[in-house]
């Protein structure tokens, strides 16, 4: 028996060596026919697992062929041959009961391959098991389970294998899109999540490297290397003058050179400094979207079209993927143009329907205008920013740097020339008689 275990161990070590030798564009990923795969033993919910894969530029694995299924099982068994665990895969029926769909939008019914365990999927006998897993108790065959249960998971970066899958639009290989696909009949359109921009080929997405950040800057990959107090950043691969373990704990956070980054969920990008007396400081980076909204954003007429989680907005005049009643016809004064973030119905902030079939709507990545604007302190108006609004409010006489009220605020206001105060209301008395 001991001899057999030694032989099995040696065989698995050889298999792991083959995986590592095959090369990888991301740490820990294994390449097969142009697509990278990785087994994660840490446990997360199905939603959190999908977000982790997305952070790497991929999604939960889509197993559409027998060959890929066997390859994935070999990877799983190589991780721990003596104790198998359950793993989330990219299969779910969240949108429509018993209509199982892969992460890239391909319908399971359009493919000729399944590997369900006997008696599965059973929907928990009516209790809503909507997410697919490799079930350790049934030799890693497929099973449906509750999406909030914590399990290991397997990520995929790249197109994967489509086998005999048929269909059109976004239903096969995500329409050829690297991230977000929207289809209108046979036509498809690709979009990118927050922190990425669409490549010239119209399908792939590349990291947005402009010197600005989205949200808290977790996706920032620019080259700013100076803190807000003008301290030079320490290289991330250096332990001098400040030892740290950031590169070990966050291998996919883009910790290159000595550039400002946010690997650990701080309010904004930061870095260790080269000053032995100052361990770290925040960096000064503007938001990529300079727009802000007043009050609940009902008057917002900017052009931001991305949600706070990075999903692209659905057009207001479209019913795909989400049918809705917030249309330009129903809300003619709400400015429901294109797929721009708006607040037509009195929500707490601007929002939009998303192009993700599984997330109907979300708030947008727009900040509320600085509360310091509600003052009457005299500050010179900033002419250039007022002029930038003229195309949206052509009949409100936005000339020079005069106080005006183009968007229905409770009194006239203006942008200021103080970098620390975006805007203020003007102190103008009411007319008598």
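Note that Cβ sites are derived from N, Cα and C of the backbone, with glycine treated the same way.
Automatic, uncurated: that is what TrEMBL annotation is.
Given the structure is predicted, the values throughout are model-derived calculations rather than measurements.
The following features are taken from TrEMBL:
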| type | residues | note |
| --- | --- | --- |
| SIGNAL | 1-17 | signal peptide |
| DOMAIN | 32-156 | domain 'C-type lectin' |
| DOMAIN | 211-288 | domain 'Kringle' |
| DISULFID | 260-283 | disulfide bond |
| DOMAIN | 291-369 | domain 'Kringle' |
| DISULFID | 292-369 | disulfide bond |
| DISULFID | 313-352 | disulfide bond |
| COMPBIAS | 314-332 | compositional bias 'Polar residues' |
| REGION | 314-336 | region 'Disordered' |
| DISULFID | 341-364 | disulfide bond |
| DOMAIN | 391-431 | domain 'Kringle' |
| DISULFID | 403-426 | disulfide bond |
Worksheet item: the compositional bias 'Polar residues' (314-332): which same-chain residues, six or more beyond its ends, come within Cβ distance under 8 Å?
Response: 182-184, 338-339, 342, 344-345, 352-357, 360-361
Worksheet entry | disulfide-bonded residues: 260, 313, 352, 403 - member with fewest neighbouring CB atoms within 10 Å | 403
Worksheet item: For the disulfide-bonded residues listed here, 283, 369, which shows the highest count of neighbouring CB atoms within 10 A?
Response: 283
Practice prompt. Name the one residue among 292, 352, 364, 369 whose Cα is closest in three-dimensional space to that of residue 426 (disulfide bond); these are the disulfide-bonded residues.
Written response: 369
Item to complete: Compile a sequence-ordered list of residues in the same chain as residue 364 (disulfide bond), six or more apart from it, whose Cβ lies below 8 A from its Cβ; state 'none' when nothing qualifies.
Response: 304, 305, 306, 307, 308, 313, 341, 349, 350, 351, 352
Fill in: Average model confidence [pLDDT] within the domain 'Kringle' (291-369)
86
Fill in: Residue with minimal Cβ packing [other Cβ atoms within 10 Å] among the disulfide-bonded residues 292, 341
292
